[in-house]
Amino acid sequence: MAWIGTHNPELLSFTPSGTSDMSIEQVNAGEIRVAFFSNEFPHDDLGNLFRQLHIHSNDRRHLLLARFIHEATSALHEEVRLLPNALRALIPPFETIFNLVDHEALRNGRLGGAINGALLCAVQLATLIGFYEDQPNGHSEDTDSVETLLAGLGIGLLSTAAVSLAPTLTHMPIAGAEVVRIAFRLGILVDRVSEHLQPRPPHDDGHGDSWAYVIPDVTAEEVQRELDEIHASEATPTASKLFLSAISQTSVTISGPPARLKHIFLVSDFFRSQRFVSLPVYAGLCHAKHIYNKDHVDSVIDTPSLEALDAASAPRIPIYSTNTGKPFPAKTSKELFHLIVEEILTQAIQWDKVVEGILTRARDVQASGCQILVFRNSLPVHDLMAGFSGLDQIKADTLELIPWISKPDQCPTVPSGTATSKIAIVGMSCRMPGGATDTEKFWQILEQGLDVHRKIPADRFDVDSHYDPEGKRLNASHTPFGCFIDEPGLFDASFFNMSPREALQTDPMQRLALVTAYEALERSGFVANRTAASNAHRVGTFYGQASDDYREVNTAQEISTYFITGGCRAFGPGRINYFFKFSGPSYSIDTACSSGLATIQIACTSLWAGDTDTAVAGGMNVLTNSDAFAGLSQGHFLTKTPNACKTWDAEADGYCRADGIVSIVMKRLEDAERDNDNIIGVILGAGTNHSADAISITHPHAGAQSYLTRQVLSQAGVDPLDVSFVEMHGTGTQAGDAQEIISVTDVFAPTKRRRTAKQPLYIGSVKANVGHGEAVAGPTALLKVLLMLQKEAIPPHVGIKNTINPGFPKDLEKRNVNIPYQKQPWPRTPGKKRIAVVNNFSAAGGNSTVLIEEPPAREHSDVVDPRSTHVVVISAKSKVSLKGNLQRMIAYLEANPDVSLPDLAYTTTARRHHHNHRVAVATSGVAHLKKQMGSYLPSVETHRPIPSTGAPPVVFTFTGQGASYRSMNLELFHHCSYFRTELLELDSLAQGQGLPSFIQALDGSHEQDYAHSPTVTQLALVCTEIALAKYWESLGVRPDAVVGHSLGEYAAMHVAGVLSANDTIFLVAQRAMMLEKNCKTGTHKMVAVRASLDEIDSVAEIASLAESRGVAGVRPFEVACINGPRDTVLSGLSKEMDEVSDILTRAGFKCISLDVAFAFHSAQTDPILDEFEAIATTGALFQPPTLPIISPLLGKVIFDERTVNANYLRRATRETVNFLAAIESAQKTSTIDETMVWIEIGPHPVCLGFAKSILPTVNAAVPSLRRGENNWQTMSQSLGTVFSSGIEVRWDEFHRSFEKHLRLLNLPTYAWNDKNYWIQYNGDWALTKGNTFYDAEKTSKAPSRVPVSAKHSSLRTSTVQHIIEETFSATACTVVMQSDLMQPDFLAAAHGHKMNGCGVVTSSIHADIAFTLGEYLMKKLKPKAKDISMNIADLVVTKGLVANKNTESPQFIQVSATTHDIEAGVVHLEWRNVVSGEALAENFATAKLHYESSGDWLKTWIPITHFVRSRIEALEGLAADGFANRLTHDMAYRLFANNLVDYAQKYRGMQSVVMYGLEAFADVALTAEKGGVWTVPPYFIDSVAHLAGFVMNVSDANDTENNFCVTPGWRSMRFAKPLIPGGRYRSYVKMIPTPEDPTVFLGDVYILQESVVIGMVGAIEFRQYPRILLNRFFSAPDDSSHLHSSTSVAKPKQTSSTTTSQAKSVPVTVPELVTATVIPTEPTPVEAAAPAATKGVTVEVKVDSDSTAAKAMALVAAEAGLELADLEDDVSFGELGIDSLMSLVIAEKFREQLGVVVNGSLFLEYPTMGDLRAWLVEYYS
């Protein structure tokens, strides 16, 4: 046999090419090899052996091993399917045959013989196959004369059959699988027959009693004689007779039913007197010829697969019979198996005969040596070695195969396919509770052992109204606690091309998934399409999400355009794919609490299946819906105590809900290593199953968890005892924690296999720190483990608040299971990897497990990067972010002054996405870099981004001769493999033409002034330029046009596609050689003159020189080059040129003699022209140009295929190079323009200066090389400039030659330009939902509430008309009043404050109600109280109360006043409308009333009085000087009425007003007129306070023509002294816009009496709205006409006594869709509504522009929630976040509001703002 040897020299044999510590030794001629297969397992840990073999099978070097395992598993599956149900049920599911080794009960049970037989064959054959695959030339079929013999015992004989039948190693998997099948079938037969002889006791999980005893020091005859006597005397049935199963010279083995074996040792004196040992034979009888017959044998081997094998293979190596000691005489496979099975079943073992047979064969062939292959040494091998020791001429030794399995790999493992790869995690990011906005802050929470639970924040919902600790109120939560992300609405909408409106309506968890995905990708160094594994078509996204809170609650309050796309789960990962342009799959997965980890498992599966090469995965959860809290409370899931999860605590009562967003980036390990990624952790295996046998769907099941864990460990080939940390699910529920600890200890710390002191197992659960993130719980746990691996520490567990759960095993310490109560070190250990398990299960029954190990250790590279200068770049999508990124980088450099500059450059260039705001610094040191970065900070605001219209065009300009040293030493040649390869290939082409090598002119072989031949010099120049051009192109910089100067034109022609590289070299060399041959050096000269040709001609001495030569009128020189307006090169005889140079120098012109051998473009070249043209005609092929060629010869641009030919080259050699005319012509034809980037291709920049002198503007101009400067410095600076101009540089190519030694740094992530996009859930409709519970609640509490009528309560005022309910205790009470707005005094008060012609219940009326109820409660609870002073605080009116038109029907409101403790001095008030006799659940106003001391108020106001008086005096001065407006009583109220509010006479208390901007004071006189019953008359309050409203609606500092302002409330209202009829006061206010929202204004109104502040309305708020909404906001509720009224703007009336300034461009707030301070009572119409956005998002609307284009721009800005300044001409609609959905909306509004009819594809046809603006101007102006 080729791979192991043969018994016949004519057959092929394995011959290794070398030896190793564990290899087949070279066997010389005449030597033999014996392979022995035992009938016992090796003494090693079987589980570990099988795990190691499984790991080897995943290696590409062991494809045959993998195939054998697969074939053997398939064979066993087939056989199991054929078993009867009763037996089949005993065998658990198994993925591979190796899984069965861990099922101890199965191997000891009834089918133990079948299972162990199959496993023994499997381990022997797998070891043999793997061993030979690992050998050098392991598949060799070279011949040798080695003779191989096979021997085995018992089942081991079956293994020998596979070896004998396999002609090559590649045949072993099929033959081996058949052996495994027959071994299993044999075991089944033996069990069935033996069961008839002695049944196994029922429910016996042990291995039972032995069926064989060995008796030493007796002969077979003695034993047989005694047995015969016993059988005869007892009349033993034949089948039950004991028999000899093995015979040797020193012992005899007897076999039979265990009971009969025991019996004979009791009844027989002979046997009682013998020593004996019971053998581990528990599966039944073999070697029993009196039991088994041919039919039995046939039943074992009669399989279709053996028939197929029989046709393909025949025995090739002799197998020695253990009965005869001779080879089996089989000719076919079937015969061989028949003989072997027959021998195992019927023949006694006589090993001595085998030893003698092998020794005889060794003597016969006169062997000089013998190598014995064994799995482990054993007694039979010892006997064989002893036999050989008696043969002096034969030296024998053994080679154990088992040690190969665990030997260290000399080479790194290469997966056999994607399915066997490990998964590397290369990037991670998060947003976690407790302010953890990144992974480092998350680690700080873990490391410090923090519990970050808190009360449910107000931005989610009002916890006070939605929480009921008693659990009686419908839809209320039983807990007020959770763990929450800070400000989950923060988002950089413009970065992700989303409009503010879309961002607002998009679920914040989906937004944060997008953000963290970017950060994780950024940290992973992901750049799309950089490598094969980063191909965008092969990247998928996988996210777990189990709730839609924001869609269900927040956006559902006002469903708009993005309700579906912003809220449905599928759009989360879909949006990530869309933004990054990933074409791989995107999955949103919901498996409840295990969603995130199950998703990561699915992502791993996608990578293993080869569906994707990179996966972005994670989980997300942001809690805003009180329903889920209520539902989980009702299901008894949630803890009621103030803590995160009390994991493993004795009092654990449920989990604490949590937010969280986690994103990770995964690749197959080999791809990650190939891509030079940072590997954070390695996933070895992952799996998901279901707790099908749990007692309920929500109840966890330890058995299912254990099964899954074992399955994952088995797949990965990991010993459970090698796992040192388990991150448990640990929700803090009694059932969950108890079940999980059972599964964990059962697998990782079993009682039967103890952990040693050096194998501690730590357990933990992150939920004790940050709560249970539900869908993100698993990724959060995984993130914790990754950080533990990174930080080399285990953080403390903080879940046990009291004592440990009593249900936990009491022997955790004995099992070495540890709970880390303090931080524990977890360092790397040489030779042993840290391995952890993340466990996760779900209330829906799912279990997910991920097995993770530490990343491979990376060796530090000592290789020094040879590049002298490096490019570090910073980019961003906005100026704010650019500044932030610069600041973060500077901070990083300050913290890491020793950072590797090459690594930093590599990370910021090749491993980052780049954006339109760019900064690039070429630097050689960190200190310089930090200084340069800092210098950019002050100019960020003026920094211009690159155009969004695309990269600028590029022109390559190729240098002519004379610009470099005679000999160069190019660093690029030495260090850049791409450039070097290009030059060497060109040099090879040159040498192939018989030309000299030009490399010596470039590689530093000579000094700089060493002069090479013109041929070498010119070839070196042109080839260097070609290589440089190719190098630039490899960096992604491709020319749009080329221009060559003189000799440089040859390189330009090649780059333009006219000449091949070979032809270019040919022409350059031929021309140079002709010059060398036909022209003398030194006779002519070229001189560069800093002057124009006209200036040169004007020099008198030049003309005189010509005359003196007798050639008057003819120049004494030739014009070689016209390079620019004042750059000219002259050629001629050396002597004449020296004279010309002297003359011009004296005339003041700078002259430089060029270092060239010949005077090109002069008469010196005439001798070569004919010959050169002829050879160019025949020797070169001219192709059409692929790029425009700017021709200095012709002074024009060449586009056609006819112009460049041999004659062109002739003329170019002789005639003038007119670079000036060429560039001017290119400019006229628009071949070049001011946006062009100029790159000089040559040894030194020359042409760039020419171009700059010719063109008025040059975008950027950079050289490739610069004389006297390190190439890397030049290239780095040039690349930085090119990159900053907008060209996308292939930085990965720039670093390719050095990447092996470069490292990706963990730099700060992107600095987001965040704004808070958040729709607030308002009210309590989640509680009520149309149910009657809360109505019934009022009824159910009726006994404690005493309905009162007039006789019970005497309280009657105009606004507080009836007390309908009241409840009083000693210190607490609730009072509910009901009033009819149609009651005359109340209605008069409302009509005294008319807006839009409607009576409006002003805030002063609400104040009177509050004062009245406050006074009533105080007198009831504390009747003796005196001097009651009340502060109405935090008044918030969410909806205006407008009086009905119909005054005949009542219009009721109810106001409740509640205090829980009057001693606390706080009363809570709520206003509600009454419909159909029932108060609405939703209030329209709220306030708090505080009982305070008026004396204390007066004291606090004393310091402010001086300031207020000084401001009043200043306003008086401004009015006196004519700067401030002084308005009379009538004028003031006429303006007020014209602009917004028409006050009744009693309200008109302001006698005069002085106003300057938004600051004013008024003299006030309160009316003495009486009418109505009030506590504080509303017209008094209004008179002293409505100055603020007057300023906001009348001042010319506001755009009152297009906007109006209303107040939703104030922070406080206090009157230290009563307002008295006829009293005189002075009011002062200054309103100030808030920084967060310029449409919201705040101010304090001070009320003075006799120059003393006696009252104050603090922080009164006004909001600005478009006047177009006035009709909608303020119309009578019972008047439907306003719904159909015109939408034209209601402008203020003009009066003759006032002047108005021109309306200014003012910022108009985009009102929130849902807000706590919205005034309107009805929804706004679409055409009049301003769009939704967040605070601070403004739109600059220039109201004085009447053009359709301007209006359209304003409409676009308003709809998208942008500023007009954002609508720059080159900005695309995609960048603004205007997608197809919004484009339809805008198109419709164009039609409705502007009369511009467009279709929905408008923004495809006109993709930028400039395009749209131009179209509108053209067609609608």
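A Cβ is built for glycine as well, from the same backbone N, Cα and C atoms used for every other residue.
According to Swiss-Prot:
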| type | residues | note |
| --- | --- | --- |
| ACT_SITE | C593 | active site, for beta-ketoacyl synthase activity |
| ACT_SITE | H729 | active site, for beta-ketoacyl synthase activity |
| ACT_SITE | H772 | active site, for beta-ketoacyl synthase activity |
| ACT_SITE | H1393 | active site, proton acceptor |
| ACT_SITE | D1582 | active site, proton donor |
| DOMAIN | 420-854 | domain 'Ketosynthase family 3 (KS3)' |
| DOMAIN | 1743-1820 | domain 'Carrier' |
| MOD_RES | S1780 | O-(pantetheine 4'-phosphoryl)serine |
| REGION | 46-284 | region 'N-terminal acylcarrier protein transacylase domain (SAT)' |
| REGION | 956-1287 | region 'Malonyl-CoA:ACP transacylase (MAT) domain' |
| REGION | 1357-1676 | region 'Product template (PT) domain' |
| REGION | 1361-1504 | region 'N-terminal hotdog fold' |
| REGION | 1684-1704 | region 'Disordered' |
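For the region 'N-terminal hotdog fold' (1361-1504), the DSSP counts in helix, strand and coil order read 41 helix, 59 strand, 44 coil. In this structure the C-alpha atoms belonging to H729 (active site, for beta-ketoacyl synthase activity) and the residue listed as 'active site, proton donor' are separated by 61 Å. In the three-state DSSP assignment, the secondary structure recorded for D1582 (active site, proton donor) is helix.
Ranked by Cα separation from H1393 (active site, proton acceptor), the active-site residues C593, H772, D1582 are led by D1582. Cα to Cα, C593 (active site, for beta-ketoacyl synthase activity) and D1582 (active site, proton donor) are separated by 56 Å. Separation of the C-alpha atoms of D1582 (active site, proton donor) and H772 (active site, for beta-ketoacyl synthase activity): 52 Å, rounded to the nearest whole number.
Taken through DSSP, the domain 'Carrier' (1743-1820) splits into 47 helix, 2 strand, 29 coil. For H772 (active site, for beta-ketoacyl synthase activity), the same-chain residues 6+ apart in sequence whose C-beta sits under 8 angstroms from its C-beta are C593, C645, Y655, C656, R657, A658, T731, G732.
Within 10 Å of the C-beta atom of C593 (active site, for beta-ketoacyl synthase activity) sit 30 other C-beta atoms, taking all shown protein chains into account. When other Cβ atoms within 10 Å of the Cβ of H729 (active site, for beta-ketoacyl synthase activity) are tallied across all protein chains shown, the result is 33. The active-site residues in question are H1393, D1582, and the one with the fewest Cβ neighbours inside 10 Å is H1393. The average per-residue pLDDT of the prediction over the region 'N-terminal acylcarrier protein transacylase domain (SAT)' (46-284) is 91, rounded to a whole number. Under DSSP, H729 (active site, for beta-ketoacyl synthase activity) is assigned to coil, being neither helix nor strand in the three-state scheme.
In the three-state DSSP scheme, C593 (active site, for beta-ketoacyl synthase activity) is classed as strand.
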